[in-house]
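Novice: My structure is below; once you've seen it, I'll send some questions.
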Amino acid sequence: MAPSSRFSLAPRGSFLLTVALLVLLLSHGTHGHGAGLSTSFYDGSCPGTRDIVRRVIQDARVTDARIPASLIRLHFHDCFVNGCDGSLLLDDDAQAAIMTEKNVPANDNSARGFGVVDGIKRALENACPGVVSCADILALAAEISVELAGGPSWTVPLGRRDGTTTNIESANNLPSPFDPLETLQEKFRNLGLDDTDLVALQGAHTFGRAQCQFTQRNCTAGLREGSLVNLDGVTPDVFDNKYYGNLLRGRAQLPSDQVMLSDPVAARTTAPIVRRFSGNQKDFFRNFAASMVKMGNISPLTGRDGEIRKNCRRVNKKPY
């Protein structure tokens, strides 16, 4: 099922070279996706960008073990709405006629980590004022979060600019933990993501927490609604392939995860990929990195489109 643009299995020593070649290919984009992005975008204008982002996340992890999983989720929910333009970060702003995406069901009292993004933005503005976009902060934070949790690292194509609008209708159609497989496949396919991307990206549920009302057990064992449960009971803060073993044993926490094995259409679509990733962590890591680059290339604003926000929560004030 894997398309030709995916990683082939490779020896350990060639993994980083394979990632670099794939990033170079995907950063040019397909079907208008990713055009104008470059892995060297800030080399001249803000060469310490990745180190600054990494330092802020490392500091945040000391008191909040959940933050890596929370940050990657922000990137997902940003890219699936309006493309990767930082629209999720915008707060309500009546003067700018902006209604925040943070209050839709998929994000309300669930999406978190905005304070860490604010901290990253402040640090970058101190180092390189008006250079690094909030959309690129989310893309870098996702990659760094995975790497810090023991997962793969990849070179992130950069150069996104920030949107000046939100899209509540699209945000209300984000993938749900209760979606059947065919609905998930359609939502991913509408963004140019195939079944391998779906199975790989859902693998981000290998770390982090979920509120119990969204799980298959639905707050049994005396848990109050809103109580947090580990998505992986064995290594909840480590990025590994144990998530897929949980699926094979029927122990996925989220219904939308288990359907990749149990749904009637899974046998000929997603189930073989689940089994493959369960048996080969390197294969999962390679495909996850590829799918993250592919997702990060969804409809970015580049060139003169959008803006570089000074505050990720607000569009820049226009002169009158």
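Just so you know, glycine gets a Cβ as well, placed from its N, Cα and C.
Feature table excerpt (TrEMBL):
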SIGNAL    1-32  signal peptide
DISULFID  CYS46-CYS128  disulfide bond
SITE      ARG73  site 'Transition state stabilizer'
ACT_SITE  HIS77  active site, proton acceptor
BINDING   ASP78, VAL81, GLY83, ASP85, SER87, GLU101  Ca(2+) 1 binding site
DISULFID  CYS79-CYS84  disulfide bond
DISULFID  CYS134-CYS312  disulfide bond
DISULFID  CYS212-CYS219  disulfide bond
Novice: Measure from the CA atom of HIS77 (active site, proton acceptor) to the CA atom of CYS212 (disulfide bond) and give the result in Å, rounded to a whole number.
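Specialist: The separation of the Cα atoms works out to 20 Å.
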Novice: Whose Cβ lies within 8 Å of the mean position of the Cβ atoms of ASP78, VAL81, GLY83, ASP85, SER87, GLU101, the Ca(2+) 1 site, other than those residues?
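Specialist: Near the Ca(2+) 1 site, the remaining chain residues are HIS77, CYS79, PHE80, ASN82, CYS84, GLY86, LEU88, GLY163, THR166, ASN167, SER170, ALA171.
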Novice: Out of CYS46, ARG73, CYS128, CYS219, CYS312, give those recorded positions positioned within 10 angstroms of ASP85 (Ca(2+) 1 binding site), comparing C-alpha atoms, in sequence order.
Specialist: none
Novice: What Cα-Cα separation, expressed in whole Å, is found between ASP78 (Ca(2+) 1 binding site) and CYS84 (disulfide bond)?
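Specialist: That separation, Cα to Cα, works out to 6 Å.
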Novice: By CA-CA distance, flag whichever of GLY83, SER87, GLU101, CYS312 among the recorded positions is nearest to CYS128 (disulfide bond).
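Specialist: Of the recorded positions GLY83, SER87, GLU101, CYS312, CYS312 has its Cα closest to that of CYS128 (disulfide bond).
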Novice: Rounded to the nearest angstrom, how far is the Cα of CYS46 (disulfide bond) from the Cα of GLY83 (Ca(2+) 1 binding site)?
Specialist: 24
Novice: Among all protein chains shown, how many Cβ atoms are found within 10 Å of the Cβ of CYS134 (disulfide bond), not counting that one?
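Specialist: Step by step: centre on the Cβ of CYS134 (disulfide bond), count other Cβ atoms within 10 Å, giving 29.
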Novice: Would you mind checking how many other C-beta atoms are within 10 angstroms of the C-beta on HIS77 (active site, proton acceptor)?
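Specialist: Within a 10 Å radius of the Cβ of HIS77 (active site, proton acceptor) lie 22 other Cβ atoms.
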Novice: Given the disulfide-bonded residues CYS46, CYS219, CYS312, which one's Cα is the least distant from that of VAL81 (Ca(2+) 1 binding site)?
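Specialist: When the Cα distances are compared, CYS312 comes out closest.
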Novice: Would you pick out, from the recorded positions CYS46, VAL81, CYS84, CYS219, the residue whose Cβ has the largest number of other Cβ atoms within 10 Å?
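Specialist: That would be CYS84, with the highest Cβ count within 10 Å.
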Novice: Measuring Cα to Cα, how far is ARG73 (site 'Transition state stabilizer') from CYS312 (disulfide bond) in Å?
Specialist: 17
Novice: In whole Å, note down how far the CA of SER87 (Ca(2+) 1 binding site) lies from the CA of CYS312 (disulfide bond).
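Specialist: Here the two Cα atoms lie 9 Å apart.
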Novice: Among all protein chains shown, how many Cβ atoms are found within 10 Å of the Cβ of CYS312 (disulfide bond), not counting that one?
Specialist: 22
Novice: Could you check the binding-site residues ASP78, GLU101 and say which one's CB has the fewest neighbouring CB atoms inside 10 Å?
Specialist: GLU101
Novice: Which recorded positions (CYS46, HIS77, CYS79, SER87, GLU101, CYS219) fall within 10 Å of CYS134 (disulfide bond) by Cα distance?
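Specialist: SER87, listed in sequence order.
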